[in-house]
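Undergrad: Okay, here's the structure, questions in a sec.
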Amino acid sequence: MLLRLLLAWVAAVPALGQVPWTPEPRAACGPSSCYALFPRRRTFLEAWRACRELGGNLATPRTPEEAQRVDSLVGVGPANGLLWIGLQRQARQCQPQRPLRGFIWTTGDQDTAFTNWAQPATEGPCPAQRCAALEASGEHRWLEGSCTLAVDGYLCQFGFEGACPALPLEVGQAGPAVYTTPFNLVSSEFEWLPFGSVAAVQCQAGRGASLLCVKQPSGGVGWSQTGPLCPGTGCGPDNGGCEHECVEEVDGAVSCRCSEGFRLAADGHSCEDPCAQAPCEQQCEPGGPQGYSCHCRLGFRPAEDDPHRCVDTDECQIAGVCQQMCVNYVGGFECYCSEGHELEADGISCSPAGAMGAQASQDLRDELLDDGEEGEDEEEPWEDFDGTWTEEQGILWLAPTHPPDFGLPYRPNFPQDGEPQRLHLEPTWPPPLSAPRGPYHSSVVSATRPMVISATRPTLPSAHKTSVISATRPPLSPVHPPAMAPATPPAVFSEHQIPKIKANYPDLPFGHKPGITSATHPARSPPYQPPIISTNYPQVFPPHQAPMSPDTHTITYLPPVPPHLDPGDTTSKAHQHPLLPDAPGIRTQAPQLSVSALQPPLPTNSRSSVHETPVPAANQPPAFPSSPLPPQRPTNQTSSISPTHSYSRAPLVPREGVPSPKSVPQLPSVPSTAAPTALAESGLAGQSQRDDRWLLVALLVPTCVFLVVLLALGIVYCTRCGSHAPNKRITDCYRWVTHAGNKSSTEPMPPRGSLTGVQTCRTSV
């Protein structure tokens, strides 16, 4: 038990000549530098930052004298205590043969005249960064370890241009002077005070003195005032003639002193600013041999060749400055994190990106996008909408058809002279959502029987109807046709003029009625009804509409064409003979029908034969000259014409040899009730065949291209892989040599370097 108490007491007693370990910071200064001990647990990086904030750096004891000063400062610390010093080594930078073993000082160099390693150098790959720490007890040797571990404290070093000695104790002084260093360490146990330190002296008389370690005009560094520091009163009411402060001497004399940042002028009373004309690049402080000293801001250090200039310090060379990535720039550095990590608030550490941060970023991005879209909507003007429907396009594979054109003289309601002609080229598909119309009506021109003109059915008052020349189906009878008036037939020979007979037929089915019949129903007063041309005959308007009974039927017969005359002669002679005297009318010219001119009349049965019966003159309505009416545009109905007509539309220009529109009478539309013919069906078949050609072309073009490519590949193959030498058998390439020694002199000698008696040839396997 006694032995244990003795050992505990020995461990508690400090070693001889060494300062005991205290938890308070302390410092030891020399003529050119100061070392300060801060017993606070820090990592290497944190310790380096703490020293930089105070204007210094981690301790770099390069000489034995500096090492001895460090030993006296550390004294006796804990048995296992460690203190960081300014030595570090980067990964894979081992140099065991050098004094510092690959370590460098935090100042960036490897110059040293002193080392104190605790362990010998070893050969190794040095895969990680290492930092050096000083033992707090014993011989204060250097140990290397991980830079991220926190140790018991750290040592800082502060360099200055000069230092002032400690003030001696004077008579009348209340106690030792208290010094405040530039690195904010307050103590009264300094032997040397760095440049810029302040000494506070307390006198017994109640007054004190404050001194500043500054540069002297003669050179060097000294205190701003010399003793005695505790004089009697003698400044008087005018402050002793001093500009700033007046100090009374012991013998009653007074001395002047300047405030911080100023120095006493040569007259001893006024004060001047030493940094007003100092050539410092960044910061200037009064003091020093020249009255001022230049300092650099954080991130810079004084240049070695010129103390007035400042150069950048590469902080990224210090191990552990940043947790992941470090970027150095002039005057500082910045830490970055790899993908998936984010920088913490301290600006050094990195942590994995959390879900809350990612969600906040996404919300911010969505908010910015929403704001951008709202801005675009506000800037985009609204388009004006007139409230009308847009006409849809028809089916793309159905080509729009146009009503036939029979030339300029046969168009109704010609424009006046000088009025420009306009082409009405519009598609014929019906607009969407259109109102229901009446039954479909079409006029059919048959190519197998003579043309019959009937004017007993006028055009219905609809803007969507047009006369259609169709060869596909017979006309449909209207539901409520308007009242109709007969028209005068074209002029023929007098010997063939047979009067018409008006007869009343009962209502019969379509198949039991006479060959060509048009029914007349009670008249009604429709709106304006422009006539529509359905054949090549001029249109003639009757002067009035004669009322007829509801059951009245009008049958119109045309005389047969004489055998000795062709249809062309009949129509041509009709231009020269006037109408009968009992049938008043207008002398007109009927142009040839393209159907009768190109297709001869075919024999028909008795039902389809044409007969005429004389009709009294009183029953024939007189014709009257036509009056021009505004043209009506045909829409929403297709027109199918026979193959003898051209599909192209004639231009609306006057032609020579054609009467003026004003002098040509017009006839009402003549709807034909002839049945479909083979010629019309062949026209539709030709149109369908024309549509099928595109499919054939679409199939043939790729096929031809493919055949051309195959032909080209075959030609290339034949030219590249031509005929080769015939293959030989294996017995033709080798032969047995039985008498190698009896080889005749006539046998050719094999070439030098080749196998004797072996023939080479190319064989195929």
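Numbering starts at 1 and runs along the chain as it is shown here.
Keep in mind that glycine also has a Cβ here, set from the backbone N, Cα and C atoms.
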Undergrad: According to Swiss-Prot, the disulfide involving C337 connects it to which residue among C322, C326, C350?
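TA: The record-listed partner cysteine is C350.
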Undergrad: Check the candidates S224, S688, S723, S754 against Swiss-Prot and report the one noted as phosphoserine.
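TA: Going through S224, S688, S723, S754 one by one, Swiss-Prot flags S754 as phosphoserine.
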Undergrad: Name the cysteine that pairs with C164 in a disulphide bond per Swiss-Prot, restricting the answer to C94, C213, C230, C235.
TA: C213
Undergrad: Where Swiss-Prot annotates a disulfide for C131, which of C147, C156 is the other cysteine?
TA: C147
Undergrad: Determine, on the basis of Swiss-Prot, the cysteine among C310, C316, C335 paired with C322 in a disulphide.
TA: C335
